[in-house]
Number of protein chains: 2
Amino acid sequence: MSSATAVRRLKLLTRTIGTGTRIGNMKHHVTIIGSGNWGSAIAKIVAENTKANPDVFHEEVKMWVFEEQYQLSPSHPRYDRSKHSGSQNLTSIINGLHENPKYLPGVALPANLFATPSLPDAVSEASILIFNVPHQFVSNICRQINGSCLPYARAISCIKGVDVSPDGISLFSDTIGRKLGIYCGALSGANIASEVAAEKFSETTIAYAPPEGPTEDFPEGLTPVPEELPAVDHALFKTLFHRPYFHVRVVSDVAGVSLGGALKNIVALAAGFVDGLEWGDNAKAAVMRVGLLEMRKFGKMFFAQSCKSATFTEESCGVADLITSCNGGRNHKCAMLSVRTGKSIETVEGEELNGQKLQGTITAREVNVYLRNKGLEDEFPLFTAVCRILNGEANVESLPQLIETD
Amino acid sequence: MSSATAVRRLKLLTRTIGTGTRIGNMKHHVTIIGSGNWGSAIAKIVAENTKANPDVFHEEVKMWVFEEQYQLSPSHPRYDRSKHSGSQNLTSIINGLHENPKYLPGVALPANLFATPSLPDAVSEASILIFNVPHQFVSNICRQINGSCLPYARAISCIKGVDVSPDGISLFSDTIGRKLGIYCGALSGANIASEVAAEKFSETTIAYAPPEGPTEDFPEGLTPVPEELPAVDHALFKTLFHRPYFHVRVVSDVAGVSLGGALKNIVALAAGFVDGLEWGDNAKAAVMRVGLLEMRKFGKMFFAQSCKSATFTEESCGVADLITSCNGGRNHKCAMLSVRTGKSIETVEGEELNGQKLQGTITAREVNVYLRNKGLEDEFPLFTAVCRILNGEANVESLPQLIETD
């Protein structure tokens with residue numbers, strides 16, 4: 001245990017036991033909803049930390065897995081013909097191997113992490129829920145969970161991005177919270193899942209700011225966390241997520257944390273265009289800087305109540321995630337290849353992504369419709385330029401002129 | 001002319017002529033001191049703008065060149081045996097070819113830019129002086145200029161970095177100003193000279209904030225700019241430096257602009273170490289984010305009167321220059337190769353840089369001595385870790401632990 005970790009645990013113990021505010025000795029049950037590569041990587045981190053902090057958390061962590069039939073490859077190092085010769089439930093394989101060979105192959109998962117195919121089983125005891133599923137499944141999963149989860153549960157959404165429609169922008173954390181009647185914060189950062197899973201160093205940002213009184217979504221206020229449980233606060237989430245290789249900063253700006261993960265993809269397209277022209281490092285850095293400030297302006301304009309400047313310019317979910325996405329992300333890559341080859345980005349997407357969709361082009365167009373409806377396109381010249389370039393209405397060479405301001 | 005440029009010119013004309021504050025019709029003479037690759041690139045920009053703004057500036061721009069004998073290569077496209085068969089003064093070649101074949105080969109310089117080997121001749125008429133020389137020559141050049149320049153001249157230093165000694169940090173802009181008895185601002189940004197010279201898009205930051213009353217350096221106050229001249233202010237510097245391919249933002253934080261260009265090199269070493277370990281994009285972005293905040297903390301701690309947070313997190317001289325340096329700069333490269341090969345960084349420096357010195361290692365050690373003298377090493381864990389790694393007192397693998405904070 002590092003000294004910083006020791007200090008944090010001591011503080012937590014002092015607060016939860018020493019000050020007498022914690023009456024009983026209940027501990028938090030933690031559940032992960034989702035088991036893709038990012039879901040499995042986060043589940044690994046969380047299970048490592050529940051084991052390391054047995055005074056605060058039950059060691060056992062459940063991970064809900066969308067059940068499917070899976071045939072382990074005979075080339076897998078622990079393939080055993082007597083067990084693995086046919087297809088099996090993916091949950092059985094995960095629990096037998098302590099590995100998710102389909103979505104996070106080659107990474108050992110902690111023995112205290114248990115896969116379950118049942119949503120009610122996964123959530124029924126959990127006072128802390130971590131959502132990490134593809135965004136298109138959020139509504140359906142919440143429908144299946146509703147009524148099964150504890151009324152005082154608290155959640156964190158690790159789902160990247162936001163839901164943009166012509167009328168408005170909704171955060172997945174808000175959607176989850178509203179549908180389940182519980183509060184949900186957000187986690188986002190410069191977190192390529194495979195690197196996190198390999199315990200390569202990274203940072204993340206967690207946002208958590210439950211309302212104190214009644215709100216529109218919670219007219220009677222949130223159901224309080226029982227006093228017998230350790231308080232659910234910034235320190236608790238740092239204890240649950242921080243690892244020597246995964247540094248956590250906790251803030252209160254849920255909208256900013258969520259927006260960063262969506263809007264950075266628009267900027268990554270711009271950076272890819274510039275790299276496609278081989279304009280060099282100055283130009284790329286300039287486009288990233290302009291984009292970062294437009295991300296912040298967007299947040300402060302449309303989430304004025306909560307968005308903080310620093311979330312974008314200082315946190316992992318802002319500037320660092322932007323840097324990662326402009327260095328090696330798929331939006332950057334496809335935009336670059338599109339300029340280099342003269343093919344449309346949709347063509348490049350089809351050739352490069354194996355059926356997956358670029359998030360950046362979707363977000364760029366959705367954000368543009370939203371801004372146009374409000375008559376605010378000119379306030380976001382880079383976002384607008386990216387959309388115009390995608391639509392063939394402007395050429396990449398004109399980017400400096402399009403973002404030139406007085 | 002772009003519409004933004006037109007609006008700016010109109011504003012300038014309105015201010016300088018329309019409002020009646022400008023009495024006569026004097027115009028600014030502009031001189032560049034220095035003709036290396038960055039000096040020549042900046043001279044090109046300035047000469048383009050004096051020509052484009054004849055109501056504010058004399059078209060002719062002088063560029064002081066350290067005179068040397070130069071033999072034009074017979075492979076040069078405009079080599080003429082009758083003129084170029086022997087060595088000639090570099091100034092004659094520059095003025096004959098409108099190119100600086102030694103320091104910025106292949107780039108056409110404007111015909112209204114004139115090279116001169118004489119410092120007194122270069123500065124005697126100039127109301128605006130642009131300094132762009134290697135930092136080790138600043139004192140000597142100022143000594144030669146002193147007494148020749150106009151008392152009301154204003155200057156901008158394009159010299160990267162700051163002068164760190166165990167006792168304190170001094171800005172080259174302050175040194176120039178003090179030695180000449182005139183005010184000097186600063187220019188810095190994500191500006192690789194060869195890319196700027198090739199008119200590839202980039203941005204820069206100019207800081208200009210002359211004191212209004214008496215100061216320690218100017219006990220009788222600055223000599224005012226004659227009212228017959230256009231006011232020397234943020235708008236004027238934008239007019240003098242902004243180009244369609246070189247976007248300028250003008251701020252008032254001279255210390256922040258200067259510090260960015262020095263401290264980023266320490267962070268670039270850290271990013272290079274991480275890339276040497278192949279820790280991936282997450283880790284690199286994390287180190288850059290932590291470094292950016294230490295750069296800002298350093299500025300605010302030691303230049304509390306002037307340093308603004310935004311200079312570091314929002315301007316080209318801060319976050320954008322950092323991105324450029326961590327993507328392709330020599331500090332990053334040598335640090336990466338040092339980790340990959342197991343050689344000391346001094347060995348790599350000797351092998352890779354052809355006799356040039358890494359700025360980052362010098363700055364990292366100077367800054368460390370300064371912080372240690374103040375007992376503040378722990379307040380800057382990344383800066384301190386980089387110095388310890390350079391000195392062989394810590395290994396790169398421990399970087400996450402060294403920068404872990406509670």
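Heads up, the Cβ atoms here are built off N, Cα and C, so glycines get one too.
Annotated in TrEMBL:
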type     : residues                                                                                : note
ACT_SITE : A:K264                                                                                  : active site, proton acceptor
BINDING  : A:G34, A:S35, A:G36, A:N37, A:W38, A:G39, A:F66, A:F137, A:A193, A:R330, A:K357, A:Q359 : NAD(+) binding site
BINDING  : A:K160, A:R330, A:N331                                                                  : substrate binding site
DOMAIN   : A:30-210                                                                                : domain 'Glycerol-3-phosphate dehydrogenase NAD-dependent N-terminal'
DOMAIN   : A:253-399                                                                               : domain 'Glycerol-3-phosphate dehydrogenase NAD-dependent C-terminal'
Longest inter-residue Cα distance for the substrate binders A:K160, A:R330, A:N331, rounded to the nearest angstrom, is 15
Fewest other Cβ within 10 angstroms of its own Cβ, chosen from the binding-site residues A:W38, A:F66:
A:F66
How many Å separate the two farthest-apart Cα atoms among the NAD(+)-binding residues A:G34, A:S35, A:G36, A:N37, A:W38, A:G39, A:F66, A:F137, A:A193, A:R330, A:K357, A:Q359?
26
Let me know the most crowded of the recorded positions, choosing from A:K160, A:K264, A:R330, A:K357 and counting other Cβ atoms within 10 Å.
A:K264
List the Cα distance (Å, whole number) between A:F66 (NAD(+) binding site) and A:N331 (substrate binding site).
27
Comparing local Cβ density (other Cβ atoms within 10 Å) for the binding-site residues A:G34, A:G36 points to A:G34
I want the residues beyond A:K160, A:R330, A:N331 whose C-beta is within 8 angstroms of the mean position of the substrate site's C-beta atoms, in chain order.
A:N265, A:A268, A:S325, A:G329, A:L358, A:Q359, A:G360
Binding-site residues listed as A:A193, A:N331, least Cβ neighbours within 10 Å:
A:A193
Distance [Cα-Cα, Å, rounded] between A:K357 (NAD(+) binding site) and A:N331 (substrate binding site):
10
Would you mind splitting the domain 'Glycerol-3-phosphate dehydrogenase NAD-dependent C-terminal' (A:253-399) into helix, strand and coil residue counts from DSSP?
115 helix, 0 strand, 32 coil
Grab the pLDDT values for the domain 'Glycerol-3-phosphate dehydrogenase NAD-dependent C-terminal' (A:253-399) and give me their mean, rounded.
96
